[in-house]
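Single-structure report; data block below.
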Amino acid sequence: MDRVSLALFLSLAAHALVILGVGFTGLAEAPQRPAPMIEVTLADRPQEETPEDYDFLAEANQDGGGESETAEIPERPTEAFMPGVPEGASPLQAAPPPGAEVTPDQREAIAGADEAVPAQPEPQPRNPEEHGTPEPVSADRQVAAAAELAAVAERISARYPSKRRINARTRAHEAAEYMRQWVNHVERIGNLNYPRELRARGLSGRVILEVTLRPDGVVHAARVLRSSGEPALDQAAQRIVDLAAPFQRVPEAVLQDNDLLVITRTWAFENGQRFTSR
């Protein structure tokens, strides 16, 4: 794909996104990786000297002991965890067994425990708009969008027309025949109107000229690709193109669905006497 086609495709895609109003949903957050963990052992009997060979990491130095041949983490006595009662609160009493008579104090304690448990809110249904779901596009809007895209494509095509290029190496039958007739016409006009300055000075040289034609044969542009080194020869080549224009209409078989035809030829001036196109 050439740069013109790529520019056309990107422009059409951008206008389609703006016109149709395509919505995008947010990406789900990537799961966070757990942070690396380092196992640290609490030392029961810290020592000032650092062991030369250690097996575990701890907050203080400690030489191990015991009869095991393998290094093991020293066990630490655990204490039973007794949740305390907040200041100003009364401890909850155990529920009475079934069939037992409930005292007024027990009723108040049970009622207070029930009130302390907060009620869980009911889950609310999610709004589809929060997910960025695009609204359906109406038929009228689609027609308007298609018309706008067609107008954009036409403007881009006018600014960046496609080109069919032919030169002396072209062998396609239709293109070769058109170029043969084009060269014969250019050489006839060039020799009939050979510049007097070139004859007087006996100038010789070659100019590579690129001529761009519209489908109706009108010259769209003409430029020197490689100069002869002599301004008089370069100007003479371009003047011959102006005198020979307009050319025959370019057949559709030669254009092949392109907007312009580009012909590249070498214009040769020989000893100030003869002009040829190669």
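Note: Cβ is positioned from N, Cα and C throughout, glycine not excepted.
Going by TrEMBL, these are the annotated features:
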{"type": "REGION", "residues": "79-104", "note": "region 'Disordered'"}
{"type": "REGION", "residues": "116-140", "note": "region 'Disordered'"}
{"type": "DOMAIN", "residues": "179-276", "note": "domain 'TonB C-terminal'"}
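Break the domain 'TonB C-terminal' (179-276) down by DSSP state and the numbers are 38 helix, 31 strand, 29 coil.
Mean pLDDT across the domain 'TonB C-terminal' (179-276) comes to 93 in this model.
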